[in-house]
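See below for the structure under consideration.
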Amino acid sequence: MAIKPGLGRKTSNKNPPILSHEFVIQNHADIISCLAMVFVVGLMNESTAAFASAFISLHHNVSGEDPSREQPYGKAYTYIAGIKDYCAIFFYTLTCIIMHAIIQEFVLDKISKKLHLSKFKLARFNESGQLVAFYLLSFVWGAHVLLKEGYLGQVAQLWEGFPDHPMSFLHKFYFVVQLAYYLHMLPELYFQKIKTKEEQQPKIVHSISGFTLIVLAYTLSFQRLALVLLTLHYFSELLSHVFQLIGVFDREERLAKLRVVNNAVFFLIRFATSVIGVLTLYYGIGGVRSLLALGGLIALQGYLVFSFITEQLRAKREAKKEAKREAKLALTKKPAKTPKDKVKRKKESDLPEADQTSPSPIKQKLK
């Protein structure tokens, strides 16, 4: 019996051998779904529930109570960072791979098939489409936690009581999902068949740098500050990739106003990030650890601004080269002969030499 391809792959008429690279790539979402279900089923068995819950549930709670007769609604649990969080990160990395494949097959692939995009635009469409989904979810989630915890109304909560900053369930789960998403980018290089060094390098840097920065903030008790800064950063990135998606369908000339908005938002976010960082780490917390974190934060903002300006200048140079090339092609291109001209020339060639049209003597003398 032939095995049908699973999620996250393009169907083909040939069935690859079982456990071959092509088989794993075509069916990777189904394979990982089965692996994730092992942990879910483990929760149903009493002997394996403790082991499975380490990968699915959140641990290291420091306060909270279950509902009781004295407290019918119980007391909300609060959490801190701990070693068991990496088990949860592993499980939700599997979940991110599955969700990546679902979005790719049931949303992006169906849209791209109707658009008939070129190879370059298709790659940009798929990448920006996936990131828009992640950034939108992260921004809405982060903004919800900020409003619920009151960090926006009382900015002093970002440094008061440091480092004793327990997290609510949604706050901690937010960081677990963030780390899982950045970690899932590495196996996606294999599943998406990205082989060239030019395509791999920026994705690897994005994955490792994002995971490293978030895990440092998470383990060093800067979770509240990191939540605010990540929410701001994701809003800027969300706009940037939305405009990239618009650029896939629209002409470059119409994107000039949108790019001005994107550039303004980018620099405002970088400025706001630096101000909040100085206010929290220098004036609020103080100490060697916070000053080192502030230095790293300012250096990161400078690098992002430098990369942004470099990318904008490179894009302008490429646009000018493309415009010159198109103008040169338009000048060198000869107008195509119409069918009427071909019929007229054929009729003239069939006439006797005396009856064929010839240039006037005056024109010949002028020549």
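These residue numbers are counts, starting from 1, taken along the chain as shown.
The backbone N, Cα and C atoms fix where each Cβ goes, glycine too.
The compositional bias 'Basic residues' feature in TrEMBL is assigned to 334-346. If you look up TrEMBL, you'll see 123-318 marked as domain 'TLC'. Look at TrEMBL and you will find 324-367 tagged as region 'Disordered'. According to TrEMBL, the feature transmembrane segment maps to 89-108, 129-147, 204-221, 227-249, 261-285, 291-310.
Cβ atoms under 8 Å from those of the transmembrane segment (129-147) belong to residues 100, 103-104, 107-108, 111, 168, 170-171, 174, 178, 181, 227-228, 230-231, 234-235, 237-238, 241-242, 245 of the same chain, restricted to positions at least 6 beyond its ends. Note on the transmembrane segment (204-221): residues 81, 162-165, 175, 178-179, 182-183, 185-186, 189, 230, 289, 293, 300 of its chain, located 6 or more positions outside it, place their CB under 8 angstroms from a CB of the stretch. Beyond the ends of the transmembrane segment (227-249), by six or more residues, the same chain brings 115, 117, 121, 124-125, 128-129, 131-132, 135-136, 138-139, 142-143, 145-146, 151, 158, 171, 174, 178, 214, 255, 258-259, 261-262, 265-266, 269, 272-273, 276-277, 297 to within a C-beta distance below 8 angstroms of the stretch.
The average pLDDT the prediction assigns to the domain 'TLC' (123-318) is 92.
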